[in-house]
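Feature annotations, reproduced from Swiss-Prot:
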- D67, G69, K70, T71, T72, N181, D184, S219, A220, L221: GTP binding site (BINDING)
- T71: Mg(2+) binding site (BINDING)
- 55-251: domain 'tr-type G' (DOMAIN)
- K79: N6-acetyllysine (MOD_RES)
- K88: N6-succinyllysine (MOD_RES)
- K88: N6-acetyllysine (MOD_RES)
- K234: N6-succinyllysine (MOD_RES)
- K256: N6-acetyllysine (MOD_RES)
- T278: phosphothreonine (MOD_RES)
- K286: N6-succinyllysine (MOD_RES)
- S312: phosphoserine (MOD_RES)
- K361: N6-acetyllysine (MOD_RES)
- K418: N6-acetyllysine (MOD_RES)
- 64-71: region 'G1' (REGION)
- 105-109: region 'G2' (REGION)
- 126-129: region 'G3' (REGION)
- 181-184: region 'G4' (REGION)
- 1-43: transit peptide (TRANSIT)
Amino acid sequence: MAAATLLRATPRFSGLCASPTPFLQGRLRPLKAPASPFLCRGLAVEAKKTYVRDKPHVNVGTIGHVDHGKTTLTAAITKILAEGGGAKFKKYEEIDNAPEERARGITINAAHVEYSTAARHYAHTDCPGHADYVKNMITGTAPLDGCILVVAANDGPMPQTREHLLLAKQIGVEHVVVYVNKADAVQDSEMVELVELEIRELLTEFGYKGEETPVIVGSALCALEQRDPELGVKSVQKLLDAVDTYIPVPTRDLDKPFLLPVESVYSIPGRGTVVTGTLERGILKKGDECELLGHNKNIRTVVTGIEMFHKSLERAEAGDNLGALVRGLKREDLRRGLVMVKPGSIQPHQKVEAQVYILSKEEGGRHKPFVSHFMPVMFSLTWDMACRVILPPGKELAMPGEDLKLSLILRQPMILEKGQRFTLRDGNKTIGTGLVTDVPAMTEEDKNIKWS
């Protein structure tokens with residue numbers, strides 16, 4: 001299990017699975033979903049405000065089981081901070097703003113809000129919670145510097161609570177703060193204590209410091225409706241204090257060439273095409289030349305504008321959730337999963353050597369071993385791609401719970417480099433987590449692999 005421990009303890013590759021970004025959230029026309037003309041109104045002009053970098057910037061997000069109150073808590077945070085000028089109040093309906101979310105009553109696409117405490121500036125992602133949307137969970141959690149795990153006091157930990165914690169740990173989220181929500185719906189204080197105990201045991205099981213993790217009990221709905229201050233407003237204030245103190249400000253990699261995994265592509269009438277994502281490393285400046293690589297594309301363009309939370313920037317730094325206006329490209333030229341990089345700084349690869357931990361049955365992985373040429377889907381940065389797994393010479397079976405060195409050949413070349421983390425999934429199961437150790441050239445035998 002040494003390699004498994006290494007994989008789980010290694011600081012994450014900063015580029016794994018970037019999440020949706022807040023660039024003009026809810027007003028643009030995304031690549032695959034039409035927006036009404038009304039939503040795009042007023043975007044033909046430059047942003048009037050300039051983003052001021054006067055506090056440390058930290059990316060956090062809510063995770064947890066469906067209907068445990070993640071979006072309600074996010075709304076409550078903005079309401080409380082808005083009273084002191086640290087946020088713009090976002091109603092539940094505004095956060096839960098995609099048509100499919102409203103229609104089905106569950107959060108499908110991750111939404112973003114911005115707020116500031118006295119100590120920090122936060123970009124907050126409201127992550128999806130339904131089992132069918134774990135794919136979004138994978139691509140929506142990795143850039144987070146920490147998570148707020150929401151657990152309903154009247155339910156306790158549920159299946160997606162476990163799965164979200166497992167995925168968060170696999171993709172490198174090392175710090176979690178817990179909010180036990182809906183405490184107003186539970187009359188028995190002993191039940192709340194049991195839920196807290198169960199959560200701490202679960203955190204420890206997944207490699208977190210369960211005994212040290214802050215656990216705050218409250219009710220996000222009470223905070224929103226300004227009822228029962230102890231369970232409502234004060235509990236959310238305690239949560240924000242815990243996030244400020246327990247989740248550290250990460251060290252940003254500003255010295256390397258910039259790398260921006262593309263999360264979404266939008267078209268703004270009168271201005272052009274915007275790509276959004278989290279800048280994983282380096283500094284991106286207005287006027288920079290860039291390449292967009294992956295999915296058999298190699299597109300060169302120039303960044304003509306940068307914005308974050310409706311505010312313009314002359315330069316963006318690693319960790320920023322941003323939108324970049326690109327010159328001379330149409331929306332249909334681009335897609336999610338491409339990576340914007342400094343020209344010549346990195347190339348796509350189709351084959352990697354990697355140290356991979358295969359999840360056991362108890363961890364939610366496969367029940368049975370697999371053989372060479374097994375074809376799972378690899379998730380890294382914002383892309384996912386089918387791949388063939390090649391076992392080491394003399395190895396016939398890869399067993400659940402095993403850690404081993406594997407070769408993986410992708411269906412198409414994608415951005416991969418040494419130290420990059422990835423997740424392997426088969427159907428609706430996460431089956432493995434890995435770390436790239438080398439990027440060798442393709443052999444003739446590799447090129448002849450069949451994909452049908």
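Positions of Cβ are set from backbone N, Cα and C atoms, glycine also.
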Open item on the list: With DSSP assignments reduced to helix, strand and coil, which class does D67 (GTP binding site) get?
Closed with: coil
Task: Structural state of K418 (N6-acetyllysine), classified by DSSP into three states - done: coil
- [ ] Just name the winner among T71, T278, S312 (the recorded positions) by count of other CB atoms within 10 A of its CB.
- [x] T278
TODO: Mind giving me a neighbour count for K88 (N6-succinyllysine)? Other Cβ atoms within 10 Å of its Cβ, every protein chain shown.
DONE: 15
Open item on the list: Checking your reading of the structure: which of the recorded positions T71, S312, K418 lie inside a 10 Å Cα sphere centred on A220 (GTP binding site)?
Closed with: T71
Open item on the list: Can you tell me which of the binding-site residues D67, T71, D184 is spatially closest to the residue listed as 'phosphoserine'? Compare CA atoms only.
Closed with: T71
Task: Three-state composition of the region 'G4' (181-184), taking helix and strand from DSSP - done: 2 helix, 1 strand, 1 coil
Open item on the list: Show me the subset of D67, K70, T72, K79, K256, K361 whose Cα is within 10 Å of K88 (N6-succinyllysine); these are the recorded positions I mean.
Closed with: K79
Task: Distant-in-sequence Cβ neighbours of K286 (N6-succinyllysine), under 8 Å, six or more positions away - done: V303, T304, G305, I306, L313, E314, R315
